[in-house]
Amino acid sequence: LDLHHRFSDTVRRWWPERGTADYYAALAGHDRGRRRLTFSDGNATVRINSLGFLHYAVVALGTPNVTFMVALDTGSDLFWVPCDCVSCAPDFDFSIYSPNMSSTSQGIPCRSNLCHRCSEGGQCTYNVEYVSDDTSSTGVLIKDLLYLTTEDKVVKTPIVFGCGMVQTGSFLDAAAPNGLFGLGMDKLSVPSTLSSSGITSNSFSMCFGRDGLGRINFGDNGSSDQEETPINTRPTYNISLTGIGVRNIMEVGFSALVDSGTSFTYLADPAYSSLAKSFNSQVHDKPDSDIPFEYCYQISSNESMVQLPDISFTAKGGSHFPINDPIVLISNEKKRQFIYCLAVIKSTQLNIIGQNFLTGLRVVFDRDRMIVGWKKFDCKVEDSNPLPVNPRNPPSIAFSPSSYTPEA
C-alpha cells in the first residue's frame, strides 16, 4: 500500500476545491473529531467525602436546562438522574428532572436498538443493579439535550439517559443522590454517543487531584509521554497487572477494573495478601483494630510525620503505575486520636482499582486504541468551582504515600 498525506496532491483531488465553503466545512469536520469538550458549567470535578468519596461534576440537561451534581463512574454505562421520583434520596436539596418540564424531552420507543425492556404502556424502561449491596436504579429511557462546551461555544448534544424514578441502597443516602454519570464503553454511554456522532474522538480523560479537585475532558487522547497498558476486553476498562511494588517488586499476576465509581480499591488473593502483608511489615506504628479496614495504625499525639513505603503496580507491557494515595486518615473520636489505614478492601473475586488509587494522576480512557494511559498530574482547575462543597472537609482525608504531617 502507498501512504499519502491527507493534504498531498494525490489525496487532494478527493477534497472540495481549496478556499470554497465545502473545503472549510470538510476541515471543520476533520477538526471536530479531534476537539475536546467538557460540561457547560466547566470541567472541574471534586471528591466529596461525605458522599462516598467519589468525584462529582455539574451537568445541565433539558430545555430550559436544569443542573445536576452527578458522580462520575467508569465502571458503568448508563447516565441517570432522579426523575419524577417514586423513591429517590431524601433530605437533599437537589434538582429533579421531569420530562414534562423540558420542551426537548423525548421518550425512547420500544423499537429502538437502545431499548432492551419495554413496559406494558409502551415505554422503554431500564433497571441497573450495581456491585454495592441492594443498590440499583430503575426508570425509563429519555432523550434530551446535554450541554457541553468547547473553548469557544456551547454544544447542545442529544443524548439518551435514565429517568431514574426508583433508587435503592447506597443511592438513597451514601453516594450519587443526584445521579450517576456512566462512562463505560457501551453504546448507551455519553462518551460513545459523542464519538459515534462525530463530535469528539473516542477517548476521554479524568484527573484526580490530591486535594480532592480534578477535571474531565471528552476527546482527550492523552500525551506521548504518558504510561499506558492495553484494555483486555470490552465493555469494561479491565487491565492486566504483573507486579506489586512495596519498595521491592513482587511478581503477582492479576487483572483489575479501573473504576472511578468505586471509592476504595478491592483486591482478591494473591494480590491482596502480597500488598497488605508487605505494607504491614514496613509500617512501625501501633496497629488499631477498631476500623473496618484490616490494616490500621495509630498516630501518636507527639508524632509529627508518618513514614510510609512507596507503593506501585507494574502493568502489562512494563508500565509503572504509581499509587500516590494508598491510605485514608480517620478521626477516632472515642480515643481522641487519628488512625490511618491501608485503603484496600479484601475481595473474594473482583479486583478493582478504585478512585483512591487514581489520585494524583490524569487517566486517559482511549477506546479506539483500547488502552488506559496515565501520567502524574497536578489537576489544576479554575478558581470558579461550581460545586458547593469543600473537598478537604472531614470525615476522612487521604494523604501522601511517602510521608504525612497530621497537622496539615
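Just so you know, glycine gets a Cβ as well, placed from its N, Cα and C.
Sequence annotations record features per position, and here TrEMBL assigns active site to Asp73, Asp259. Under the heading compositional bias 'Polar residues', TrEMBL lists 399-408. What TrEMBL records for 55-375 is domain 'Peptidase A1'. Per TrEMBL, the feature region 'Disordered' maps to 388-408.
If you take the C-beta of Asp259 (active site) and look for same-chain residues 6 or more apart in sequence within under 8 angstroms, you find Asp73, Thr74, Gly75, Tyr237, Ile352, Ile353, Gly354, Gln355. Cβ neighbour count for Asp73 (active site): 25 (other Cβ atoms within 10 Å of its Cβ, all protein chains included). The average pLDDT for the domain 'Peptidase A1' (55-375) in the predicted structure is 91.
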